[in-house]
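Peer 1: Pulled these features from TrEMBL for this protein:
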type     : residues : note
COMPBIAS : 1-15     : compositional bias 'Basic and acidic residues'
DOMAIN   : 53-136   : domain 'Acyl-CoA thioesterase-like N-terminal HotDog'
DOMAIN   : 196-313  : domain 'Acyl-CoA thioesterase-like C-terminal'
REGION   : 1-22     : region 'Disordered'
Amino acid sequence: MAEKVSGETSEDRSDSAVPPGAAAVSQDLRSVLVTSVLNLEKLEIDLYRGTHHWVPRTRRLFGGQIIGQALVAAAESVGENVLAHSLHCYFVRAGDPKVPVLYQVERTRDGRSFSVRSVKAIQHGQPILICQASFHSNQPSPLQHQFTMPSVPPPEDLLTVEELIQLYLSKPDLAEKAKQGLNKLLADEVPIEIKPVNPPDFYRGVAMEPKKLYWVRARGHIGKGDMKLHCCVAAYVSDYSFLDTALLPYPGQRATFSASLDHAMWFHNTFRADEWMLYETESSWAGGSRGLVQGRLWRRDGVLAASCAQEGVLRVKAVTNESKL
């Protein structure tokens, strides 16, 4: 993975909408999420273009990237003394990884403590995502409570997804079809690191409760920077493997089509997206070819950093004659 956008110069950066706060810590930015995936070019006031796409195996644009870039664009239009506290997005069309995405920002409202922005992500002249983002200046309050963070092993005691795949590949009796599938997973250059608390069964042979726990962080160093920057990265991270939680109780079913319909996120406390956070996800409902998933991002010290929710389309078919270990 490249550490910076190819051909980028200081002059180029002055005309670009890099994630807010990046200019102040440019020497520390080593994460591809910041230097490329979430980097936008400013075309005009409140109009930006994203050209660096991370494309998953679905060959469609990754929804988390479009959410993250929309939040980057929205954050460029608000003052430094306000931070994102929520976003609500609808995915209305599949993204085309072959063309840039335009982000059009509407300054919906600027109040004394809250600012609201509407963002349209556009391709081929039509919106692919509609996002509402709200920003809030911090206001102390005696009302403070949260759930308790789950008790889990620290990330240092766990293996990454890539290391778990290598363990599977080292098995001498591994079927060739299974080996090919695992190597495809390994070839994906995912810009985030994941350490599952309960390592997944890559073949989903056993029905499981629709819950997942895993440590997650952005690859590479970002630095303290601006919280707006870390919120944009967390918005990207929040969508990765999120909807899959709804499939865990159904080992006999394989998704033939899945897509996010909407995505919401609430930011509660400061955090760093390049440090390990525990992502707790659960699916409370599935039906009508849709699934609903909620998530909580916890800091290592037990502070609840953010909450998420998403509904998506899940069309499945029965699995037959799958290759097993």
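Each residue's number is its place along the chain shown, starting with 1.
Yeah, the Cβs are placed from backbone N, Cα and C, and that goes for glycine too.
A TrEMBL annotation is a machine prediction, not a hand-curated record.
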Peer 1: Take the domain 'Acyl-CoA thioesterase-like N-terminal HotDog' (53-136) and count its residues per DSSP category (helix H/G/I, strand E/B, coil), listing them in that order.
Peer 2: 13 helix, 40 strand, 31 coil
Peer 1: Kindly report the helix/strand/coil residue split of the domain 'Acyl-CoA thioesterase-like C-terminal' (196-313) according to DSSP, in that order.
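Peer 2: Residue counts in helix, strand and coil order: 17 helix, 55 strand, 46 coil.
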Peer 1: Across the domain 'Acyl-CoA thioesterase-like C-terminal' (196-313), what does the mean pLDDT come to, as a whole number?
Peer 2: 93
